[in-house]
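Participant: Provided herewith is a single structure, encoded as structure tokens, for subsequent inquiry.
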Amino acid sequence: MEGGAAAATPTALPYYVAFSQLLGLTLVAMTGAWLGLYRGGIAWESDLQFNAHPLCMVIGLIFLQGNALLVYRVFRNEAKRTTKVLHGLLHIFALVIALVGLVAVFDYHRKKGYADLYSLHSWCGILVFVLYFVQWLVGFSFFLFPGASFSLRSRYRPQHIFFGATIFLLSVGTALLGLKEALLFNLGGKYSAFEPEGVLANVLGLLLACFGGAVLYILTRADWKRPSQAEEQALSMDFKTLTEGDSPGSQ
């Protein structure tokens, strides 16, 4: 850490973070198991191309996005710029993987002659992806691009935090809609007969909800927020003084 002694990590935080990672990794593994055991696996140049869509979305917009949000809780005492870069990189990886998932489903529909963007899941999915891209672009402009002033960053930060959590929540909800849509399409009336695929997918849905809940709980614990470093506190005091009409060095 730069500029002072490291702040103590809250006792329970590492356990909640570890639990969230266990849920997330199990979620990704179970998604792969569902697609491998019941949907034939994944291949780009065949009827299995569609299966790349759910796997990419779970990895990108759920697991990686959730972990990007947790960066400031996990790396509490590292240099702020290092943490920012990691936060931004995880979001880039999530965006790229999600884009692959979008290309997969649109390309599959084109080859099969299926209609696009008619379901609630598809509408929500496009909304989430666009919001996520805009959130990343604006966040990069404000927090990583050197031209943004400290005062501008301070004003935008609450909106960035709110929309980050909201987009993640929308991503989880959209994934649940897509899972239900896939089950109804593939199983039809057999879904109500407790088919093994349906049971596995229901457990997958519960894991989605639990991972989302675990991430949001960690994010909303005020006492688990990253402590301000010395240089951040100095900048904050300077900004406060400037907004009150005095110069930082007037006293």
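Glycine too: its Cβ is placed from the backbone N, Cα and C atoms.
OK, Swiss-Prot features for this one:
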{"type": "BINDING", "residues": "Arg73, Lys80, His87, His160, Lys225", "note": "heme b 2 binding site"}
{"type": "BINDING", "residues": "Lys80, Lys84, Arg153", "note": "L-ascorbate binding site"}
{"type": "DOMAIN", "residues": "19-220", "note": "domain 'Cytochrome b561'"}
{"type": "MOD_RES", "residues": "Met1", "note": "N-acetylmethionine"}
{"type": "MOD_RES", "residues": "Ser247", "note": "phosphoserine"}
{"type": "TOPO_DOM", "residues": "1-16", "note": "topological domain 'Cytoplasmic'"}
{"type": "TOPO_DOM", "residues": "38-51", "note": "topological domain 'Vesicular'"}
{"type": "TOPO_DOM", "residues": "73-85", "note": "topological domain 'Cytoplasmic'"}
{"type": "TOPO_DOM", "residues": "107-124", "note": "topological domain 'Vesicular'"}
{"type": "TOPO_DOM", "residues": "146-158", "note": "topological domain 'Cytoplasmic'"}
{"type": "TOPO_DOM", "residues": "180-198", "note": "topological domain 'Vesicular'"}
{"type": "TOPO_DOM", "residues": "220-251", "note": "topological domain 'Cytoplasmic'"}
{"type": "TRANSMEM", "residues": "17-37", "note": "transmembrane segment"}
{"type": "TRANSMEM", "residues": "52-72", "note": "transmembrane segment"}
{"type": "TRANSMEM", "residues": "86-106", "note": "transmembrane segment"}
{"type": "TRANSMEM", "residues": "125-145", "note": "transmembrane segment"}
{"type": "TRANSMEM", "residues": "159-179", "note": "transmembrane segment"}
{"type": "TRANSMEM", "residues": "199-219", "note": "transmembrane segment"}
Participant: Please give me the CB contact count at 10 A for Lys225 (heme b 2 binding site), counting all chains in the structure.
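Facilitator: For Lys225 (heme b 2 binding site), the count of other Cβ atoms within 10 Å is 13.
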Participant: Using the recorded heme b 2 site (Arg73, Lys80, His87, His160, Lys225) as reference, state which further residues of the same chain have their Cβ within 8 Å of the centre of those residues' Cβ atoms, listed in sequence order.
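Facilitator: Other same-chain residues near the heme b 2 site: Val71, Tyr72, Thr83, Lys84, Ile161, Arg226.
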Participant: Which secondary structure state does DSSP assign to Lys225 (heme b 2 binding site), in the simple three-class scheme?
Facilitator: coil
Participant: Tell me the residue counts in helix, strand and coil for the topological domain 'Vesicular' (38-51), as DSSP assigns them.
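Facilitator: The breakdown for the topological domain 'Vesicular' (38-51) reads 6 helix, 0 strand, 8 coil.
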Participant: Taking the centroid of the Cβ atoms of Lys80, Lys84, Arg153 (L-ascorbate site), which other same-chain residues have Cβ within 8 Å of it?
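Facilitator: These residues sit around the L-ascorbate site: Arg81, Thr83, Phe143, Leu144.
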Participant: Report, as a single number, how many Cβ atoms besides its own are within 10 Å of the Cβ of His87 (heme b 2 binding site).
Facilitator: 20
Participant: If you skip the near sequence neighbours and keep only those at least six away, which residues in the chain come within under 8 angstroms of His160 (heme b 2 binding site), Cβ to Cβ?
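Facilitator: Counting only residues 6 or more apart in sequence, the Cβ neighbours of His160 (heme b 2 binding site) under 8 Å are Gln135, Val138, Gly139, Phe142, Phe143.
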